[in-house]
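A quick write-up on the structure given underneath.
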Amino acid sequence: MELKNCPLINEIKRQIGSHTHILVGFSGGVDSTVLLHGLVCLRDKYQLPLELTAIYVHHGLNSKADDWLTHCEHFCHNWQVSFISERVQVNGKEGGIEQGAREARYQAYRQYLQPNQVLVTAQHQDDQAETFLLALKRGSGPAGLSSMPAKMPFEQGYLLRPLLNITREQIEAYAHEHGLLWIEDDSNQDDRYDRNFLRLHVMPLLTQRWPHFSQAVTRSAALCGEQEALLDELLDVELQQLIDEHQSLDINLLSRCSEIKRNALLRRWFAKCNKSMPSRSQLSRLWQEVALAKADAEPRLRFFQDEVRRYQQRLYLVPVMEELTDRVIEWSLSQPLILPNQLGILAVSRDSGKTICRAPLADEKVTVRFGLTASSLRIVGRDLARSSKKIWQELNIAPWQRTRIPLIYYNDTLIAAVNTFVTLEGNATTEQSITIEWQAS
């Protein structure tokens, strides 16, 4: 078949559109091999000005993964495609191995995707049907049932799935016609994994009974996606009224909504923060245990690597971090200090900064600590001594932020909470002063 009459090539060309800088997720399996071959054909035979880079993610889950990496690198060399490989650690504790591998893979994609590139992956129509059925098994709503969009925002660009209208049968036929070689992952035959069970046992029966089943499911997924897009459009203005510059939600305004509308807004809040979608039961717990908790409580509810917190009648979605209250970090001041937990960098600045304090004396050792619990404290700008809790409250510092603000000590004397306050002991009067800048991540 001539390339110009090939439905698969034409579909890739249509979906790629005007994008020319492309990062291809390449596992060496038949799907991604066909996708990459199709893009190479568009570059070489259609003369499209495509700049192709393939990335192989080594999950470390299969003893053959090193051989697969070599296979992919060899193919890219022959096809004159730039090649990247990345080894990742898979965390399967929370969502299982499949989800952990996917999260690690897409994190690698984020790491290497350039601002002018789009990410292209090889999911096809049968994958879409399997994703729909898995979402149905979980009891998902329209958002989950919409499955995988052909195009979606990803980092600063887009993620494209140009094979979603192409069947597995078409892909394999193309591979055989063009004499392509690909990797067969033996784990794909392990029906302990839900997706493999569907592909090996359920989909063949459904397709035998209804040959166009995958196509029909893909159409239903698209309709669910359209409904979600319409809801996004209708609720966007109201969501913007609920959210402030810190991406927190106004509980008082949210409480005026019906439960159905409130849940829809909460889901869109999670999506806006690029977090995994909460379940219906999780949304109920969020509202009852966090939003409606007693006024003097400090409620929290964990969602994977984040947690929802409440402060001053607003909901915040914040990352869970390692406890730092026992850490004491020495700092010479002559070099920038990289803070733990990706909290940023401290540096002595000659230009500007919010924290100006006295310079340490020769016999004073400078350390950085976290978590202030002083019973009595006097700070610049306040006449009377106050407890640290009272000071945090007066400065409107949320409880979870209080243990993440770097505290500057000279020996065992608190000098400043960076970007927040300076103590009387650290006040720069007639003495030599320094300016500390915190470049938060």
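Using the three backbone atoms N, Cα and C, a Cβ is placed for every residue, glycine included.
The ATP binding site annotation in Swiss-Prot covers S27, G28, G29, V30, D31, S32. Cβ environment of D31 (ATP binding site): A122, Q123, H124, D127, L163, R168, I171 lie under 8 Å away, each six or more residues apart in the same chain. Reduced to three states, the DSSP call for D31 (ATP binding site) is helix.
Take the mean position of the Cβ atoms of S27, G28, G29, V30, D31, S32, the recorded ATP site; other residues of that chain with a Cβ within 8 Å of it are F26, T33, V34, A122, W182, I183. The most crowded of the binding-site residues listed here (G28, G29) is G28, judged by how many other CB atoms sit within 10 Å of its own CB. Here the Cβ of S27 (ATP binding site) has 22 other Cβ atoms within 10 Å, regardless of which shown protein chain they belong to.
In this structure, the binding-site residues under consideration are V30, S32, and the one with the smallest number of other Cβ atoms within 10 Å of its Cβ is V30.
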